[in-house]
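Below is one structure, written out as structure tokens; comments come after it.
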Amino acid sequence: MSQGTGSPFSCVWTEVDWRSASGPFSCTSEPKSQQMQSGTGCWAGWPCSPSCLNEPKNEENYLGQFPVSFGAIAPFMADLDTTDGRGSVYYREDSSSDVLQLASDYIKGGFPEAAFDPSSVVIVTWKLVAPYQGPGEDLTLEEKRNTFQAVLASSDSSSYAIFLYPEDGLQFYSAYSKNNDGKIPAMVGFSQASTNYYFWENPGSYNVIANDEDSIRNLHKSSNAGRQGVWVFEIGSSSDTIVPAKVSNVLASLEPSEEDQELTSKPFMSDYGSTEIRPQYVTSSTDSTEEDQHVTYSVPQLAVEDFITSYQDVTGTPSTESFYRHREFPTAKAPPRQFPAQQFPPQGPQVIDVEEFDETGIVFRYHTDVQQTCANNRHQCSVHAICKDYPNGFCCSCIAGYKGNGRQCVAEGSPQRVNGKVKGRIFVGNNPVPVTFENTDLHSYVVMNHGRAYTAISTIPEALGYSLLPLASIGGVIGWMFAVEQQGYKNGFSITGGEFTRQTEVTFLGNNEKVVIKQKFSGIDEHGHLTISTEMEGRVPEVPAGASVHIEPYTELYHASSSVITSSSTREYTVTEPERDGVASTYTGAYQWRQTISFDECIHDDTLHAAPATQQLSVDSIFVLYNRDEQILRYAMSNSIGPISDGSADISRNPCYTGTHNCDTNAVCRAGSGNRFSCECSIGFRGDGNVCYDIDECSEQAGACGSNAVCNNQPGTYRCECVDGYQFAADGRTCVAVEYAVNHCQTGTHGCDIPQRAQCVYTGGSAYVCTCLPGFSGDGRACEDIDECQQGRCHPDAFCYNTPGSFSCQCKAGYRGDGFQCVLGGVVKTKCQREKEVALGSGGTFFQREIRVGQFIPQCDEHGNYVPTQCHGSTGYCWCVDRDGNEIDGTRSGLSTAAPPVVIGPSVRPDTIPLPPGTHLLFAQSGKIEHVPLEGNSMKKNGAKALLHIPDKVIIGVAYDCMDKMVYWTDISGPSISRASLHGGEPTTIIRTDLGSPEGIALDHLGRNIFWTDSQLDRIEVARLDGRQRRILFDTGLVNPRAIVVDPVRGNLYWTDWNREAPKIETSYMDGTNRRILVKDDLGLPNGLTFDPYSSMLCWVDAGTKRLECMNPNQLGRRKIVEGIQYPFGVTSYGKNLYYTDWRRDAVVAVDRMVSVENDNFQPHKRSRLYGITTAFAQCPGGHNYCTVNNGGCTHLCLATPEGRSCRCPDNTVGVDCIERN
């Protein structure tokens, strides 16, 4: 930490035992060197004098309260949790010139006149911290993570604090507390320590920056220092007060009144990136109790050189490479500037960590997209708007005669309609039972030139209806949107285009009842109506049934800053109760009204921000009514917006602004000088303004809709509709004939060559492609036989015979073999003999080695054929095999009673332990791969053991080659892709370059290729089994690809993408063609995927929906196998069972898919997370594809398709003789 002089001291975090880091930066230790110099303040627990410093209380006693008795700087004060790898808190002091300059630039951005040169900077980083959760509390919070930074900069005379927040914003805004106070909003602010006297405590001064969910949510959108997400405060000088920066080019500078101070000083923050430190004593655990989280992977405790710590250009945007030199997180959205966090050297061995957090695992998203211009974004503007390009983007603006924000435009003066739904849970008075309602209709009609809004909410129960009468502003926001605009001022629709969210908090004075109203406006729908959804929750005072409510006209100030509008006021209402004995009693109530409106605005066009930062909404002629017979709640009011005024100004009395003009309801009132005005019919109407008639565009504009369309006239506009048999083209205007799909391959109307030489492949709609069969070349419409004999396919000592589409080889006289291998006068070794040589490790006479203990050695007869009964000498297993050496299911004997062989020598070598015969489940458990034998459909748990130990790796995906008995896996700690023989031996890394986070892996045992997903590079690749000939199949349209499987016989590829915004399961041919989405609805986090070659069923597990489902990829419909599973990751199939790994249970779970019942589970001896799982078949599934023989005739990659194959070249094949063909 740092004093005003920059000297370090050790510091103890307030209640931060790395289990629950509550967020306020509060240090309570004594400094190692001198005290803070005079005038630097007593903030964040910096001890200035004994009377200034108070010991912090326990968290339970101060969370949710502000100010606190001790000094604190709070960039996000809440009960946070860092157990089990849920984030970390780091700090360091830095006096390097680059960091000092960066801090100085930030501070001068907020205090341009300040002459400040820091001598030391303290950087504190909260990285991916989670909210505290008690047992059984809000599950939606468990997947949230926050990252933010606080920076303290000091010189000899003053100190400043800088708060930095990510561009994507914080993910949670409140947390539960340990003392069962419920959910408490976070707090951002400063609190000076209280002073203790003999008999009392004098509280210190404090500043509240943000203290509710709305203000916290919008922190990242603005700034008080000219850069989004950057907040600067002077915390120590000649004064003891906190002085916020007041630069207004991002956050409009306001001079709020005392009562509005809390609202108008709310920050709205933005980008900050993070390369943080990890304290050496903070390790991670693979065990976790988090719900509904998804993972990305990282290897922490990197060397110092993995991070960049120099900044040549403090005003530029750092690149992904500079901030994340080591691929720790698949992050994006570049921060504008950031303090680099230093890496402490690791103490002792490094720990491989799997970071778990949510919202797709993304904290920052760097801008990697191309420049956004009107050319590729014109569709985002209204048809009644123009699009204009700017250096950093584009903006839309409505054309003359229309109002709005450019994305949404409506004709000036035209009446507007608003439709939506309302749901709520409201307590009335002291009634302990709430009134609940949902899917209730809301309809509103607005006369724009009067600014008058009529709103009706239907089917509100009588028990609640009268008590909602005072809340006229439920519909008042619609009045604000279409309020009459005085010259130079803008109503809500002109600012937001009807696309915004609004959160309102109403507190009734007296008994302190509170109601929270959340509304979302989604713009104009296809019918030209504005859409809205409303949620209400809380308690209201009871208004007697039959009573009436009167609300006097009022004014309200709206404060606008970047993308946020706030307002607050106190309103009174009068309740007149029903008459009793001819007397009607009345009483007056009051409530405080606070609201925050958040919206997206175009930041590139300064002219769009021409409206004053503070505007006054004037509301009068307020009418509220509840009809008990119809159960309808009605609100009506007139609205105008203009300057802050007491109503005496001349402009306020203009009839256009008071609604006393005589213009038609479909006309615009144009204010003149004094009381003069004119009426002008809205677009789509004709008349003198006092009376306006609808223009029938369909009659007056012949052919307005073009051919094959009919024109329907509507008030102020018209609509074109295509006639039967036609539909709109991509331009949305031209009607084109509907094309009925014809499968030309099925009808025989295609133009492909004859079936003996080519095949027709149907690709959807009426489209198809022609491909030559293996052994032929051409475009599919004309195919010629390939003379393989010209390509030297046979052995040099063999004759080659070409045949249509194929060829054959025959050894010459005196040679023996199959034509591909010929031996002079000798005998070609059989498969059994070759495998025995490999097992013995002979490789010939000169390379014999000692037989490893536990090694399986196949037994061959005198002719080199497999002995029908094979036995494992060390384990005692015996089983029957077919002529190819494959085990016959159900023939394996039990284990012998002999003691297991003793392994002599060191055991740290990462060798594979030979896999006993039979079918097994292989699954990854962090740094090892384990196996469970299958006996029929049952797991033989007593035979389970580790197959491979690689303790310094994090293995995610596994795949099995049933032909060579090899296991393949992905490792995200390297990252790398490796393999090992199940006959025993050392693992081999086959790919170690150009990888980000390889996760899913699949193997085509027929075509001899592997496929894998990379969730950091967002791509899918293919390569040969030895890792050579890599080719990228897909690098677009992927966000978080994970599981991947193949159907080798049919040449299909399937994969999952758990993109939070649009999860999906996709498919394509193995060559990457015919890509399409297979499943996109009702998915959450599709983690695991498996294809059963025997039933042709595709099955997946979803950690979001918590379901296991299956489908036939060639048919419509899905089947839910089981629901309510906990947190599945990987899945595989064998027989009637599906087997999935579960993070919550640390187990392999078996499900009978025929009856949809869990029938078994297996937990390894060591409990930790299980990742990928696959089936190691005793025999390869039957079938073949076009790449099975001679690599399909391809020079390099042979990629199967349903009815053929594609020959493809690997990427970067400069100088390689490669031929691509289909």
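Each Cβ is built from the backbone N, Cα and C atoms, and glycine gets one as well.
TrEMBL entries are annotated by machine, without manual review.
Mean pLDDT, taken over the domain 'NIDO' (75-238), works out to 81 on the 0 to 100 scale. The domain 'NIDO' annotation in TrEMBL covers 75-238.
What TrEMBL records for 414-651 is domain 'Nidogen G2 beta-barrel'.
Summarising the annotation, TrEMBL assigns domain 'EGF-like' to 652-693 (among others).
What TrEMBL lists as domain 'EGF-like' is 694-736 (among others). Note on the domain 'EGF-like' (694-736): residues 411, 414, 528, 666, 682-686 of its chain, located 6 or more positions outside it, place their CB under 8 angstroms from a CB of the stretch.
Shown for the domain 'EGF-like' (741-784): DSSP residue counts in helix, strand and coil, namely 4 helix, 18 strand, 22 coil. Annotated domain 'EGF-like' per TrEMBL: 741-784 (among others), in sequence order.
Tertiary proximity for the domain 'EGF-like' (785-821) is limited to same-chain residues at least six positions away from its ends with a CB under 8 Å from its CB atoms, namely 756-757, 773-777, 827-828, 1190, 1193. According to TrEMBL, the feature domain 'EGF-like' maps to 785-821 (among others).
What TrEMBL records for 829-903 is domain 'Thyroglobulin type-1'.
Here TrEMBL flags Cys871-Cys878 as disulfide bond. Every protein chain shown contributes to the tally, and the Cβ of Cys878 (disulfide bond) ends up with 15 other Cβ atoms within 10 Å.
Residues or ranges marked as repeat 'LDL-receptor class B' by TrEMBL: 965-1007 (among others).
Taken from TrEMBL, the feature repeat 'LDL-receptor class B' applies to 1008-1050 (among others). Through the fold, the repeat 'LDL-receptor class B' (1008-1050) approaches residues 294, 296, 327, 330, 360-361, 957, 959, 961, 964, 966, 968, 970, 977, 979, 990-991, 994-1002, 1056-1062, 1068, 1070-1072, 1075, 1086-1091, 1093, 1096, 1098, 1100, 1113, 1130, 1181, 1183-1185, 1187, 1191, 1196-1200, 1202, 1208-1211 of its own chain, all at least 6 residues removed from its boundaries and within a Cβ separation under 8 Å.
Under the heading repeat 'LDL-receptor class B', TrEMBL lists 1051-1095 (among others). Look at the repeat 'LDL-receptor class B' (1051-1095): DSSP puts its residues at 0 helix, 23 strand, 22 coil.
Cys871 (disulfide bond) is surrounded by 17 other CB atoms, counting those within 10 A of its CB over all protein chains shown. In the domain 'EGF-like' (785-821), the DSSP tally of helix, strand and coil residues is 4 helix, 16 strand, 17 coil.
Applying DSSP to the domain 'EGF-like' (652-693) sorts its residues as follows: 6 helix, 15 strand, 21 coil.
Below 8 angstroms of C-beta separation, residues 292, 294, 359-360, 761, 763-764, 769, 1000, 1002, 1004, 1007, 1009, 1011, 1013, 1020, 1022, 1033-1034, 1038-1045, 1101-1106, 1111, 1113, 1118, 1128-1133, 1138, 1140-1141, 1172-1173, 1181, 1183, 1185-1186, 1199-1206, 1208 of the same chain, each at least six residues beyond the ends of the repeat 'LDL-receptor class B' (1051-1095), sit close to that stretch.
In terms of DSSP helix, strand and coil, the repeat 'LDL-receptor class B' (965-1007) has 0 helix, 24 strand, 19 coil.
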